[in-house]
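Undergrad: The structure's right below; bear with me while I get my questions together.
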Amino acid sequence: MSLCVAPRHPTGAAAALGLGSLLVLLGPGRACPAGCACTDPHTVDCRDRGLPSVPDPFPLDVRKLLVAGNRIQQIPEDFFIFHGDLVYLDFRNNSLRSLEEGTFSGSGKLAFLDLSYNNLTQLGAGAFRSAGRLVKLSLANNHLAGVHEAAFESLESLQVLELNDNNLRSLNVAALDALPALRTVRLDGNPWLCDCDFAHLFSWIQENTSKLPKGLDAIQCSLPMEDRRVALRELSEASFSECKFSLSLTDLFIIIFSGVAVSIAAIISSFFLATVVQCFQRCAPNKDTEDEDDDEDD
C-alpha cells in the first residue's frame, strides 16, 4: 500500500533564511534602469538614450552615473539624498536650464561633475553648496551670462574649473578667490568686455597665468571704445590706469546719498539757527524796554 504524504511547507525560519539569501544575492537597490547598462555593481551607463528625466530606479549605492547625451532638464532636488555614494556624474549634453537651491544636498562624496553642453544661464549664490569634495567641475559650453560671487563657496577641494565657451562678459574675482585649491581654470571662449569692471579680473589673471592651460593668447576681450577684440597678452595694467580714477556705480550711490544727507542736515541746522535768532530778536526789545523803564524810575 502506498501512502500519500502531503508536501511539507517551509517553516518560518527556513522562509526567512531563503529571503535573506535572495536579498544578499540581489544586493541593496540592484535594479538597473530599462535601456541602461550596469557594467559593474557601482556603475550605471545611460548615455545617448533620449531620456527626458534622470532614470529611475537604479542602484542606491551607485558611484558612477553616466547620463550624457539625453534630454534631461533638471536634477531632482532629492537626488543626492538617495544616492549619497555618487562620486562621478557625467551630465554633459543635456537640457539642464538651472540649478535649484539644495540640488546638491547630500552630495558629500561627489568628486567629478560634468555639466558642460547644457543650457545654464546663471549661477546663484551657493549653487554647489554641500558638494565640498568636488575636485573637477565643468560648466563649459553653456550659456552662462552671470556667476554670483558666492557661487563656488564651500568648494575648498576644487582643483579644476571650466567656464570656457559661455556668454560671460565679466566675473567677480571673489568667485575665484573662494577656491583655495584651484590649479586649473578655463576662461577662454567668452565675450569678455575690457572695461573697468574687468580690471580686477585682469589683475587676477596676470597673477595666476600658470593656472590657464591655454595661456593669455586664448582669452580675448572687446575694447569699449573700439570695435575689435584683443588677446589679453596685448594688454597690461597700464591699459586700465584710468580705472583707478573712475567711480563704480556703488561709489556714485554713496556719494549721492552722502550729499543728500549733508544737504538735509544743513537745512535742518539752518532752520534751527534761524528759529533761535528769531526768538532772541523777539526777546531782546522787551529787555531793552525794561531797562529804559528802570532808568526812568531812577
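Even glycines carry a Cβ here, placed using N, Cα and C.
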Undergrad: In Swiss-Prot's disulfide listing, Cys38 is paired with one of Cys32, Cys46. Which one?
TA: Cys32
Undergrad: For the candidates Asn119, Asn208, I need the one that Swiss-Prot annotates as N-linked glycosylation site.
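TA: So the answer, going by Swiss-Prot, is Asn119.
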Undergrad: Mind checking which of Cys36, Cys46, Cys194, Cys196 has the disulfide with Cys243 in Swiss-Prot?
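TA: Between Cys243 and one of Cys36, Cys46, Cys194, Cys196, Swiss-Prot records a disulfide, namely with Cys196.
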Undergrad: Restricting to the domain 'LRRNT' (32-60), report the mean pLDDT as a whole number.
TA: 91
